[in-house]
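Data block below; observations after.
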Amino acid sequence: MRTKKAFLLLTFNVLIYLAACQETERILANNGTEDNEITTSKGVSPNTNPLFLSNSTAGLYDSKGRIRLTIGHIGAIGALRNDVKILEVSHKALQAEGILDDDLDVEIISQTGCGESYEGVAVAADMYHLQKVKAFIGPYCNAEMDAVARMAAFWNIPIIGYMAASNNLADKNAYPTLARISLRTTNSIAEATCAMLRHYGWNKVAIITNTGILAYDRVLSFEEVFHQRGINVVKKIMFDEFADSKAMIASGLLNDIKNSARIVVCLFSNTRESSREFLTAANTQGMNVNEYGYVFPWLQDGGKDASPWTGADGSMLQKVKDQYANAIIIDDVNSFDNTIVGPFIERIKDVGLTEADVDIANIYGYLYLFDALKLYAIAARKVLNETGKAENLLNGRMMWQNMRKLKFVGMVGASGIASGQVSMDDRAERAPLYRGFFVSPNSDSVLPMVHMEPTMLDNCDGIANKSGCYEIVVTDIMRDFWPSVDRKMPKDEPDCGYRNERCDYTLIIIGAALILLFIVAAVSAFFAQKILEKRALDKLPFRIYRDDLQFIDEEQLKSMLSLGSTRTKMSNMNYGSRNHAIVGTNTHAIYHKYVQRRPIVFNRADKTLIQLMKAAVHDNINPFLGMVWNEREEMLLVWKFCSRGTLQDIIYNESIQLDTKFHGAFIRDILAGLEYLHASQIGYHGSLTPWSCLIDRNWMIKLTDYGIADPLERWEKSQSISRDGLTSDDDKSQATQATSILYESPEMLKNREKNRVRRVDQDWMRQTQTRRQLGDVYAFGLVMYEIIFRALPFPEGTNQSELVEWLRDGSKVVKPTIPQNKVLNMDLSALIQDCWNTTPEMRPSLRRIKLNVETYLNIKGSLVDQMTRMMEQYANNLEKLVAERTGMLEEANQRADRLLSQLLPAYVANELKLGRPVPPKTFTSSTVLFSDIVGFTEMCQNASPLEVVAVLNGIFDGFDQFIARKDAYKVETIGDAYMVVSGVPEENGHRHINEIASIALDVHKFLSEFIVPHKRDTKVQCRLGFHTGPVAAAVVGLNAPRYCLFGDTVNMASRMESNSEPGKTQISETAKNLLLKEYPDYICEQRGEIPIKGKGLCMTYWLMGTKSEGSGRSGAYLAPSMKSAGTGFTGMLGNSANDYSLNLKNPTGLQR
């Protein structure tokens, strides 16, 4: 309604404008006449009325008299960049082809319209009246094309549409001068759609659309064509214009499609977005199945959008494409490829344009614009050539008549592109050229399915019958492509109707009921059989339920093996991590675990065999306790536990010495077990190996794994069980099983290979019981050789893995042999080789083997007696070893005690050894002595580090020797400093002052005789000082503990030493008083008061010596007087033969 109102208002304004312009022209013309006559007329004929005449021939010729036609191009705001350049390309092409030349040429005036205010209509009026255009190309949009086409018809000038696609514009009674060059008009794509529907026999369709004027016009166009061609629209469903998939589902309208149609034609305003939402809804409702066909005439206004499953960056959106699976899209033949882009870019290079200068997404707009100008020029040349009158070029109807059924090559037609060939129909509309594309779910690109091309009809008037006078011929490109069972296209209506009302299902119901009854009966019988079998299996004596097993972990097993006093270390050898469990209350068992993949089915022979295994009782047969199966996807074979492991463990344990008695006892026990099995209903062992021979606590061999070999192999072949569950510690592991092939006789290997290649449904090839027993003899020969020589009977250096592979694939024949370097009784050697005979019948019987073995191995007595003697010898050796190790321990303890007593006081060391703490202790009276070597720094500078260390070792070793003879304790040495205490850690009354004083005198005497090795002319002097008083003592530190002294007495003693003089001993007044009081034999000389740090002025004394030494005793030491005291090393030179010298080879010791 808005468009019609605007058109009427604009037309009224234009008519007023035209009348005013015509009146002005008439007055001006009359004023210019010679007699100034004004002519009037009471009536105006259609040929002279300005409302029915084209503008005059003025402006038709240029100044040189050549025809120049002015064409007005009305584009769109914001669409088709550089569209004027495209017209320029077309103009150049027309000149190059000779259609336009000097006598006929065109001038193009280009302006834009298609805005919100219908600017294009005003532009058309302006072009016609003021710029004197003779034809129009455009406008771009439908609304303005409707108005301008009517005005052009009114003015009788040709107008060519190149983008407007409305079906209304095909009415030539309303638009008699309008030709359209666009390939994608609504009426043409409707014709193509109708042709494809009829091609597949789809005469009943539903139309899906949405609200809005554009969708409404499209539906009207399609309904009109469908009605003309006999296509029945059974249902028309309309969604809201902007409805999404959820809203479509919520509306419930999709159910109407299910109940009324199977072929759906989708016509939306926004084809790209709305179609995607609709298919999403259809998929959600389960309507995207093979019996539905969705047809999408790809109608778009303006430029061509990318496919719905193409993202903004050009990538494919797979989920969106999956929604379009099995959809059919009708579009231009080059819609889904870029074949037209290359030729188009080549054509626009003539005017300096590149791909970046145009809107490639709207490439069809450029092509149609080029073709529109060419259509007009060809028609103009045709009119001019046929009539020879230039004024006929202004006759719009005549020009339109010459555009009908016109064919020419379009912009890209020269490149062989089908859509580049222009063919006009009988209404001057471009004949449709389309394809149907199938969106395959199995291909990344769409697949062309049909080609639709028009064929013009003869003797047809398109104006009279309102058609283009052509018939669309549909050609199959693909056949049998629909993803249904029969590969055929779906039908437009189900065979049985939408509600199955056309089919009689009585017979089908009866048949289905019978089949269902049969299935129920079969299933019931199957489950009844399973229940009966389960009850029968539940009653089998060898069945053990998994809940009846108490599994034992490694820690529990160690605890159990340590309980019995009769068990030895050999009792639990190699059994610390195997599979152990308790069956019932207290039966210790081991189990082999197999992964169960399918339920195990026992046949009668299996049940009989396993029951016989369960009932087997013999001293040399290990009891079979039972099986666990069909529980937790695993099968367990449970055997009684033997505490000393397997025969293999004993054979290859080098710490165990085996003599001929062991050999004979083991071989005798194995033979006894085999004799019992061969005489029983079990009949054979079947898998005799060293690890299937267990040893109990009494060193008796017990055979295990007997009889079960055949069922295990058959169950593994049928994939009921797998050995993947066997751990590496299990003696039935895959590695062990691989090695077991060495113990199988050649005929057994051949039989196994035959069974391996047989199908599961074929019968299992069994060996006779006799052959099985002879196979045991072959394995016994290998085990007997292994017992005697603790090795396999193959040459040394043979790779066991390669040997196993050779035997498995049969690529190389390897026979066991006795190496020449093995010493063995000739008769026994011949017996073993007879057991290995490749001809089973040539092997000896068990009775013959038993007689020969007893003779050759001289088996007497029991193995228990041999073990008793061996244990006695072992106990004697153990007592001797314990005595030796005890002596070594005592010696190590003594060395540790001596070292500890040197590091700590004996009392403290004893307390620490006993683990008792040593608390700090205060001593009320003790004497602390400090000494320091004079000039030690200078000595270090003038000597090497090793020489300095040698001097210190010599001095301090001498100090240590005579301190050791005193009741004193060396606290520590720090560099050249030496600290001694007496009265600590053991109190000794007042005797400590005498001990320290005598030590001080001995030190001076020792140094007076000491010779520096590397400087024999140098004498060593030291300063000494001591003080008497209370101290505190404690052990400090957990790592490397030290016995330390604390208190003011220690500090005062240190001050006495630091303020002393070389070669002298300074003592405090307290020490002098106690010394002279208790021991008056000592001589002390007053030094006087000197400043002491932290004490002020203190009276100190020199210790000069003893009276007994001063009376002339040989070697007596007397301190020099203060006047003659020296301060260096040179004051005291000793030339006596008793001088001490340092032994550099033993720097810690002194030699005289």
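Each residue, glycine too, has its Cβ placed from N, Cα and C.
For MET573, ASN574, TYR575, GLY576, SER577, ARG578, ASN579, HIS580, ALA581, LYS593, the entry in Swiss-Prot reads ATP binding site. Note: ALA581 (ATP binding site) has non-local neighbours LEU549, GLN550, PHE551, ILE552, ALA589, ILE590, TYR591, VAL638, i.e. same-chain residues 6+ apart with C-beta under 8 A of its own C-beta. DSSP assigns ALA581 (ATP binding site) to a strand in the three-state reduction.
According to Swiss-Prot, the feature domain 'Guanylate cyclase' maps to 927-1057.
For ASN31 (among others), the entry in Swiss-Prot reads N-linked glycosylation site, with the evidence type sequence analysis.
The N-linked glycosylation site annotation in Swiss-Prot covers ASN55 (among others) and rests on sequence analysis.
Other C-beta atoms found within 10 angstroms of the C-beta of ASN385 (N-linked glycosylation site) number 9, with every protein chain shown included. The N-linked glycosylation site annotation in Swiss-Prot covers ASN385 (among others).
Here ASN465 (N-linked glycosylation site) comes close to no residue that lies at least six apart in sequence on the same chain with a C-beta under 8 angstroms from its C-beta. Under the three-state DSSP scheme, ASN465 (N-linked glycosylation site) falls in the helix class. The N-linked glycosylation site feature in Swiss-Prot is assigned to ASN465 (among others); the stated evidence is sequence analysis.
The signal peptide feature in Swiss-Prot is assigned to 1-21; the stated evidence is sequence analysis.
Between the C-alpha atoms of ASN385 (N-linked glycosylation site) and ASN579 (ATP binding site), the distance comes to 109 Å. Packing around ASN579 (ATP binding site) is summarised by its Cβ count: 20 other Cβ atoms lie within 10 angstroms of its Cβ, all protein chains included.
Sorting each residue of the domain 'Guanylate cyclase' (927-1057) by its DSSP state yields 55 helix, 42 strand, 34 coil. Taking the domain 'Guanylate cyclase' (927-1057) as a whole, pLDDT averages 88 in the prediction.
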